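First the structure, in the form of structure tokens, and then the observations on it.
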Amino acid sequence: MFDPAILRCYFVAGTQDIHHSPSALLAKVTMALKNGITAFQFREKGSSHLDETAKIELGGQLKRLCQSYGVPLFVDDDVQLAQQIHADGIHVGQKDQQVEQVLSAVGSQMMVGYSCNTSEQVEHANKLAVDYIGVGPIYPTDSKADADPAIGPQQLQKLVQLSKHPVVAIGGINNQNFGEVANTNCAGAAVISYLANNNNLREAIDQMKTAFEH
Ligand code: TZP
Ligand code: MG
């Protein structure tokens, strides 16, 4: 049974977000786990991306690390990588492999998250056996090159009401806007820069988890 509480403080990162360095990413994720993140997504994107062997090695290390803290690890977009490293879940975007294909490949083995940012997409997701949907970007973001325009908290609230799946909000979320994001009744937030660029992870993660404790 999927537990929506894992969506409260969902850290998303790849080497492109942490000094282009696998060891720096591992160190950052270790600190984030020690300080209480509730889920992690390995999202390796952009020109700095590692070759397949390096991705599998780093993914396996991240999986073992997350497992030692009892925190689920999701892989962004890459079903093969997710299977190779025995990830707990896979996250699929609108521009990625068809979610129906992903569900039939891994649906019973792994949790499946799916990105949506329009009512049509949420209605489509309502017919699927995905575990959660990711909605965003809520605010402008510098962390995703091809991000869609920001939808804002009011549209987020509409999509939360429409969705039969738990919703994790993403895009430009930080301690300045946790309150209005949490007021939409989404299950939590997924963040890159808020944690990637923060040296006080204890305080940052505590504030985030408190905001989404409904
Ligand atoms: N998908 C939609 S916005 C986004 C992704 C991966 C980037 C989120 O990064 P940040 O730094 O938390 O805005
Ligand atoms: Mg993707």
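Cβ atoms here come from the backbone N, Cα and C positions, even for glycine.
Unlike curated entries, TrEMBL annotations are predicted automatically.
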Residue from Lys28, Lys127, Lys144, Lys158 that TrEMBL also lists as binding 4-amino-2-methyl-5-(diphosphooxymethyl)pyrimidine with Gln41, Phe42, Arg43, Glu44, Lys45, Asp76, Ser115: Lys144
Length of the line joining the Cα atoms of Lys45 (4-amino-2-methyl-5-(diphosphooxymethyl)pyrimidine binding site) and Asp77 (Mg(2+) binding site), in Å: 10
Listed binding-site residues with Cβ under 6 Å from ligand 2, out of Gln41, Arg43, Glu44, Lys45, Ser115: none
Whole-number Å value of the largest CA-CA distance among Gln41, Phe42, Arg43, Glu44, Lys45, Asp76, Ser115, Lys144, listed as 4-amino-2-methyl-5-(diphosphooxymethyl)pyrimidine-binding: 17
Rounded to the nearest Å - Cα separation of Asp76 (4-amino-2-methyl-5-(diphosphooxymethyl)pyrimidine binding site) and Asp96 (Mg(2+) binding site): 9
Rounded Cα separation (Å) that holds between Arg43 (4-amino-2-methyl-5-(diphosphooxymethyl)pyrimidine binding site) and Asp77 (Mg(2+) binding site): 8
